[in-house]
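These features come from Swiss-Prot:
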type: ACT_SITE; residues: ASP280; note: active site
type: BINDING; residues: ASN211, ARG212, LYS213, GLU214; note: ATP binding site
type: REGION; residues: 1-335; note: region 'Ribokinase'
type: REGION; residues: 363-496; note: region 'Cytidylyltransferase'
Amino acid sequence: MIKHNPPSPEPLHRAIARFGGVTVLVVGDLILDRFVNGVIERISPEAPIPVLHGRGETSAMGGAGNVVANIVSLGARAIPVSVIGTDTAGDSLVRMLAELGAETAGLSQQRGRMTSSKSRFSALNQQVLRFDEEEIKPLDETERAGLIRHFRAALAGAEIVILSDYGKGILLDGVAAELIAICREAGKPVLVDPKGRDYARYAGATAITPNRKELGEAVGHAVFADDEIVAAARELISAHGFDFVVATRSEKGMSVVGPDEARHIATQAREVFDVSGAGDTVIATFALALASGADPVAAASIANAAGGVVVGKRGTARLTVEELTGALFRSHGPTAHKDAILDASSAARMVAAWKEEGLSVGFTNGCFDILHAGHVSLLHAARSQCDRLVLGLNSDASVRRLKGPGRPVNDQHDRACVLAALASVDAVVVFEEDTPLALIEALLPDILVKGADYTIDTVVGADVVQKAGGRVVLVDLVAGKSTTGTIGKLRAGSTS
């Protein structure tokens, strides 16, 4: 039976933080997507069809190209390997990939091969027609040899491989099987976004990512219920040697099925505008998470959140780390304990994601050496002023400069761990300077909170926050509570 309990947020955010160090090798069908938008105001006099008055046109990379675009957008490195034509569509794809910053050495443009393109025509953002230009043709011997050569050359520098099969010819006639065998020999995981009914050509892949309909077609009958999904996935695992299957289930989320265990992740989509390219986003994010150390269930949870973001966009969409982080906060909540301890750059990305979600972000700071009731009261009051609270924590060196050589009593790691475990605190950032000014400038919180022993004109960073449209709040302190006082009592042997 499928388990429905979601993974904890810590491994999800930890994996996302590692995306920047991942390189993904992407092989498959590159497609040029065109989007023509306009209005329909009359019926043609030539035939009973509407006349679309064009108002604008955009182009984007589709198919394996959209997988590459999502990987790069999420801060990782992508190496595309494919064969396209020397036509206008092919030239456009090479240019787009180069502008994106992806490597293009693995692309081969061949005369006599048509680059696939899909043109979508919409009236007021409602799609009314799709026009495809393509020729489904397997690679010839020369094209195949070139693709395998490029693949082998790039494989050593990649942590994971994606085969993006849109059935246009690149992975037909045993090419997919040969690439999978090369990956297995090299010890590299390979994920497949499959096409068609015959999954034997993907035998030995680490995982496949069919949607519910594709999964049913692969086993010869429709699947809907949880147990049907599990049975179908395990049939494919047994027949073709997959390590696991990740089945996307539209509004019902995703199922991760292995030989012995299955988990279900509920959908996170808020409002669906366009499903174009959502599967590309899912496999791109899943691959990055897996290569970043997440287990398959955690990786699927991240990919599921990513899919929920892009279906809320129009066109062949991609997403950013900030959008993905925000989606995970909606679905899994904030990180806890030590995983809420961030460096300044990670905190800045987190704050941007919170603000993107419409959440107010507060900031306070201090040494917090020996935690006492006064600290807890201050943090509780600060958190009551905002949706998310970031705590700037003086480093050990900073505390020594401010308080003297006998301080801190607790080192910065211990202090940060204790503070991060408090419900009032959403993130802790250790800073080395004597004041948090640079950190405040980097985060630009909406609300800056300090104790009432300050005045607004003496609060460090008050002018920065106010100039950015934020506000400064002074909260009452608990009388008689301080770390210095606590240390004095300990030295005197007093507990009164």
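The backbone N, Cα and C atoms fix where each Cβ goes, and this holds for glycine too.
Features recorded in Swiss-Prot, as mapped to the structure shown.
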residue	record	contacts (Cβ under 8 Å, 6+ apart)
ASN211	ATP binding site	ALA247, THR248, ARG249, SER250, GLY279
ARG212	ATP binding site	VAL223, PHE224, ILE229, ALA247, THR248, ARG249, SER250, LYS252
LYS213	ATP binding site	none
GLU214	ATP binding site	PRO194, LYS195
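Sitting within 8 Å of the Cβ centre of ASN211, ARG212, LYS213, GLU214, and not among those site residues for ATP, are the Cβ atoms of PRO210, LEU215, GLY216, GLU217, ALA247, THR248, ARG249. Here the region 'Cytidylyltransferase' (363-496) has, by DSSP, the following mix of helix, strand and coil residues: 54 helix, 26 strand, 54 coil.
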